[in-house]
Structure formats: structure tokens, C-alpha cells
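Going by Swiss-Prot, these are the annotated features:
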- 73-96: transmembrane segment (TRANSMEM)
- 159-182: transmembrane segment (TRANSMEM)
- 198-222: transmembrane segment (TRANSMEM)
- 294-312: transmembrane segment (TRANSMEM)
- 349-372: transmembrane segment (TRANSMEM)
- 388-414: transmembrane segment (TRANSMEM)
- 436-458: transmembrane segment (TRANSMEM)
- 533-551: transmembrane segment (TRANSMEM)
- CYS575, CYS584: [4Fe-4S] cluster binding site (BINDING)
- 591-612: transmembrane segment (TRANSMEM)
- 666-688: transmembrane segment (TRANSMEM)
- HIS677: chlorophyll a' binding site (BINDING)
- MET685, TYR693: chlorophyll a binding site (BINDING)
- TRP694: phylloquinone binding site (BINDING)
- 726-746: transmembrane segment (TRANSMEM)
Amino acid sequence: MAISSTERRSKNVQVFVEKDAVETSFAKWAQPGHFSRTLAKGPKTTTWIWNLHADAHDFDSQTSSLEEVSRKIFSAHFGQLAIIFLWISGMHFHGAYFSNYSAWLTDPISIKQSSQVVWPIVGQEILNADVGGNFQGIQTTSGWFQMWRAEGITSEVELYWTAIGGLAMSAIMLFAGWFHYHKAAPKLEWFQNAESMMNHHLAGLLGLGCLSWSGHQIHIALPINKLLDAGVSPQEIPLPHEFLINRDLMAQLYPSFSKGLAPFFGGNWGEYSDFLTFKGGLNPVTGGLWLSDIAHHHLALSVLFIIAGHMYRTNWGIGHNMKEILEAHKGPFTGEGHKGLYEILTTSWHAQLAINLAMMGSLSIIVAHHMYAMPPYPYLATDYATQLSLFTHHMWIGGFCVVGGAAHGAIFMVRDYTPANNYNNLLDRVLRHRDAIISHLNWVCIFLGCHAFGFYIHNDTMRALGRPQDMFSDKAIQLQPIFAQWIQNIHLLAPGTTAPNALATTSYAFGGDVIEVGGKIAMMPIKLGTADFMVHHIHAFTIHVTVLILLKGVLYARSSKLIPDKANLGFRFPCDGPGRGGTCQSSSWDHVFLGLFWMYNSISVVIFHFSWKMQSDVWGTITPDGAISHITGGNFAQSSITINGWLRDFLWSQASQVIQSYGSASSAYGLIFLGAHFIWAFSLMFLFSGRGYWQELIESIVWAHNKLNFAPTIQPRALSITQGRAVGLAHYLLGGIGTTWAFFLARAISIT
């Protein structure tokens, strides 16, 4: 039988969606626990509500179909995007309706940013600080104003339109989440098409994303910011679309615009160097990176990503194949190499998520450090409270993501790992070497902990004995960070040598000039000495202990000498049953639980170090004749080399603002400081307590209720060991972060 060309074409067409996959049922959604036969029966004990929360998003426990799990995750992503767009819309609406953005634009150095006014109900109006420009409101430290300035937003009307756009996008995302689960749900092979996904994400999301941002900066943000920097009033600047459609207007600011696209197609790209620059350093007017450098950077990235997005083999017979790349990746000591990893990454979303969380967490920490060393937005560097907030925010986000990576890595090991499919590949070989890896890492932690704290204890002892000449310090026994200083110097010398076209250093943290804006220091060389060497070894210690706990949780997720059948017990279990003492707190969940405490330790030391170092050695004022006055007078080098110095000259000294905030516009921080301490202390009640104590207490209370014929229909139960730890951990972190937030902001707002 001859096949027609139409039939042949239809056979080649791949159908990647299933129509009307799941009916839309409000009645089903209204039933709590509809996803579980057990939970749908309703509560018999108070444990039901805990299980409801634990399992609502644990799609693995609701179905064994990988396709169904994939669809639920995909749909949930649209819901997440809807919330993000709604949040962004709300931020812009606040900027449009409640803020002093227009006033701030006219004088961003002396006017503080505010986008919320508290109503006077019972005296709360005390929180409305005088932020300058005839405006009273809560001082905000989010960095939105600086970002809006960099985008070229000059009026509240533009913020309104952006807010409406965000609202519309939020609605579209909600619709898309419903549509792609109920009406046109992708099939499993669509989710597993790694090459197509890589091409679209690289060329589409990253490539076109960078290109559109670069285009916006060139055509809208650059001309508007150039006029603002020159002192032109925001009201007198043409509307954004005029720069877009009027080439003559652009040519007045950037002459190369008059030449059109001829230099581009002629390969004479240097003609565009008036708006695509490679200056390096910071704009002396705003203290931020040159926006023309940023536009150039994103244009270059877009080219790289668009090329990268054509790298993988899809419908045509050219390009890379992910499975082939992985299976060809073999070294002399790595057995089968990456064989089997392709199957893992296309069937286990926990494995995929683990890698993504680890990468995104690391990226967030990198962003935190770049935000102060290379401030990207105008007038960000001189807004010290915002700088401290952004650093702290990105460090916490990074810490949580990295721990999340370990959590999902362990879940993958328990639920998705198949030993038979991973014989002698890299993953199998790491698992077989786990005792060597963990014991060596443990030795490193002991070494770092003993030596790092030993330095401090030595210094505290010598200072107490009145022997400063025997201390580790820049003035006595020096421990100079010579490698860090060498790296700083390499970067300082790069312009004109290894970076021949750069006009200034990448960051003035490495050395060079003092950049000041309106008499406030934006950035200056950050000198590193003995104090930094010592605290960096505390960083190394806390980070290595966090990694030790998390890595042990992943490598011993399926089995250990103590519990050989751990994989059968699952990701989360309290102990290995009755009659096996000493097996509690050995599940992968418990490793994540312990790892979060050490993550909290790690990040706390980092943000304390940053806050004090910047106040001591960078932030401050400079007079016209060049005399510099730092906020804490350069006391970091001599005070931070003892534990007593950290307690007295940082924690106690800088807590004065939050402790004495009552009766001022910062009084909310005083209350948060107090309240967050209570939340933190409340956590200890769960962390230092046994379940049996509470069960006995509950039973005596239930007895009293029964005596009065007032017994509840839902039987009260004490929290399980795991639930108690989860509640304790949540309050410990919330209380600790809330306390730090209040301490930092009350201090930072007073010095900004």
C-alpha cells in the first residue's frame, strides 16, 4: 500500500501534549487532603494536620506516575511565577502610590527612600521618619529606587504602568498553570527532551533575556540616565518612547546612532563604543557601575547564549547529544565515568533540583559579594543600609538554597537511586569511597576548628594578661593573607596589561582610588590583614562543618554500618524502631535539620564580618582635602582579633541603636529585636524536649476535659520527634534571622 505524503508528514509530527488530561473540579479542591486516601477521610487525631502539610507538595507520595509528578511540578512553577509577578506588581504599585520616588530622584544623596506611610491608629505614626524632601514614612532598604533609576523610570506614572503589566502577567501565569495541567498537559517525553530544553533555555530565556535587557538599556535607560547624571530635571526628560523612535534625539547624546546599522553590518563595531563601553570602575557621579559597561556586558552575553542555544541536537542531525557527552566523559581513575547520569537526570527531578539548588545558592552568594564590590545601580553604594540589607538577603538565600540542594540530593538517593543502573560509574565510586571522604573531611573540620578558634583564644588570653606583643595582630605576630593580597594586586594591575582595553580596575576593593559621591564614600580599596586572615578561617571552619553534615546525609542516605537497610526506612524517620538504641537522628532529614543550624552559623559570621569590616574600613565620609573618617574609625583590625572584641566592639557597641530605639521612628526594630529573641527562645522548648513528656501532659489535660464532659472529637497527640524538631528549627531560624535583621537595620539606618 502506498503511503501518501500527508500521512507521511503526520507520522513525523510528534504530539507532546495530552488534551483534557485532568478535569477541573472545585469540589475536589475543596476537600482537604484530596490527594491522599488516608487524609481525605478527615482528622481523627491532631497529627492529621501535620501530615496534611507534610504531604500536600510531596507529589511522589501521591502517585507513582513520573508523568503526573512532572505535570504537577510544571503547573506549580506557573503558580510560583504568578506570585512573583504579583509581588513585583505590588512593589511598583507602592512606588507609584505611597513613595517619595520623584523627590529621591532629584536628590538621591540626602533624601532617603520610603514607599510606605503608616496610618495613625493608636500612635503607630511614630514609625514615619522624616526621610527628607518633605516626606514622612518608613525608610526602605530594598534597592528598588536605585534599580528604577537604572532602568530609566522617571515618574510615578511609569511605575503604575509597570505595576499593571505585572498584574496582567500574574493573571496569565495563573491561567497557564491551569491550562497546562487540565487542558493541554505535556507528556513525559516532552519533560525528558533535554536537548530541546537546553536550546530553548539558553537561547530563549538567557540569550533573548540578555538581549532584551541590553536593548532596553541602550535605547531607554542610557539616554535617560545620561541626562539625569548631567543634572536635567526628571520632568524635562523626554518620554521613553521618544528615545526609541527618534534617532536624531539619540544622536545628540550618542553620535554613533546617526550612522544607523551600517557599522554593524560592515563589521566596524568600534563605531558604537560611545554607548557600548569597556571602562571598568565606577561612575563618579552615581557611585555605580557604568551603565554603558552593563549594556555591553549583556549584549556580549546574549551573543554567547544565543550561540550556545544552537549547540544541542534536536530535529536536525547536527549538534551535541547530552547522553553521548555524559557517557564519553571518562577519566583514567573514574571507571565508567558519567555513564548512567543521563538516566538519573531525566527520571529523577530530585537529582535535577539538587544540582540547580546548589548552583543557584552559590550564585546568590556570588551576587551578594558583587553587589558591594561592584555596585550595579546608581547611588546604591552610598546607601549603606540598603547595601547591608542586600548583602545579608543574598547570603541567607544562598545558604538556604545550598542546604536545599543537599536535602533533595538525599531524597534522590533514597527514592530514585537504582544501584544496578550505576555500577562503577562516578556516583557509585564516590559512594564506595564515602568513608574515606567523610573521615578526611571530619579531620579538616577538627583542624580548622581547633586552629581558627585557637588564634582567638590565644589573643583573648594575651590581651587579658597585658601582653599585646605576643598577640596575633598587624602590630605584633602577623598572619598576613598573602595569597588574597596577591590576587587583589593581580586585579589591580590588570587594566592596561592583561585587560589592555579596560580603563580602570574591575572593583576598587582591589585597590586604586577612593570613589565618593557627595562626600560619602561609595567604594575604596579594602586592605586585608591579620584580622581578616583569622575570621576567614572561622568561615572555612563553619562552611566545612556544614558540608560535612550535608554530604554525610547524602552519602549515607541509603545505608550505613549502623543501619544497613536505611533506604527502606525512607528519607525521614525518627529512629530504627524499638530495641535499637542509639539509632535516632540518623535519617537524611535529620542531617538536613542539623545542617541548617550550621548554615545559620556560617552565614551569621559572614554577615557580621561584612557589616563590621565595611563600617570600619570602607563606609564613612571624605572631606574636599581628602581626609577620610570611617564610621567605626578603623577599629576592625585591632578589635576583631579577640572574641571579647567581637562581643564588646561589634555586638554590644552596635546594638545601642536597636536597644535605645523606643520612642523613635526605629522603634519597630526594637520590638522586632525583642520579639524575635522570644521566638528564638521558644524554639529551645521544642529542641531540648522529649515527646513523652508532652504526651503525658496532654493525657492529663484530656482526662480533665473528660471529667467535665468536654472532650474534643479530634484526639490531641504530642508532636512526633521529627515534627518537634521541625517546629524548633523553624523558630530558631526565624528568631535568629529576625533578631539579626532588627539589629542590622536599626544600626544601618542611623549611619546611612
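Even glycines carry a Cβ here, placed using N, Cα and C.
The structure, with features from Swiss-Prot marked on it.
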{"residue": "CYS575", "record": "[4Fe-4S] cluster binding site", "Cβ contacts under 8 Å, 6 or more apart": "THR583, CYS584, GLN585, SER586, ILE721"}
{"residue": "HIS677", "record": "chlorophyll a' binding site", "Cβ contacts under 8 Å, 6 or more apart": "GLY735, THR739"}
{"residue": "MET685", "record": "chlorophyll a binding site", "Cβ contacts under 8 Å, 6 or more apart": "GLY728"}
{"residue": "TYR693", "record": "chlorophyll a binding site", "Cβ contacts under 8 Å, 6 or more apart": "none"}
{"residue": "TRP694", "record": "phylloquinone binding site", "Cβ contacts under 8 Å, 6 or more apart": "ALA718, LEU719"}
Contact between the transmembrane segment (591-612) and the transmembrane segment (159-182) (3 or more Cβ pairs under 8 Å, separation 6+): no
Cβ contacts under 8 Å made by the transmembrane segment (73-96) with residues that lie 6+ beyond its boundaries: 57, 59, 115-116, 142, 144-145, 148, 156-157, 159-160, 162-167, 169-171, 173-174, 176-178, 180-181, 186, 191, 349
Cβ-Cβ neighbours of CYS584 ([4Fe-4S] cluster binding site) (radius 10 Å): 13
Assigned element (helix, strand, coil) containing CYS584 ([4Fe-4S] cluster binding site), judged by DSSP: coil
Long-range Cβ neighbours of the transmembrane segment (388-414) (under 8 Å; 6 or more residues past either end): 141-143, 344, 348, 350-351, 353-365, 367-369, 371-372, 380, 546, 550-551, 553-554, 557-558, 566-567, 570-571, 588-589, 591-592, 595-596, 599-600, 602-603, 606-607, 610-611, 614, 737, 740-741, 744-745, 748
Tertiary contacts of the transmembrane segment (533-551), as residues 6+ beyond its ends and Cβ separation under 8 Å: 402-403, 406, 437-438, 441-442, 444-445, 448-449, 451-453, 455-456, 472, 479-481, 484, 591-592, 594-595, 598-599, 601-602, 605-606, 609, 640-641
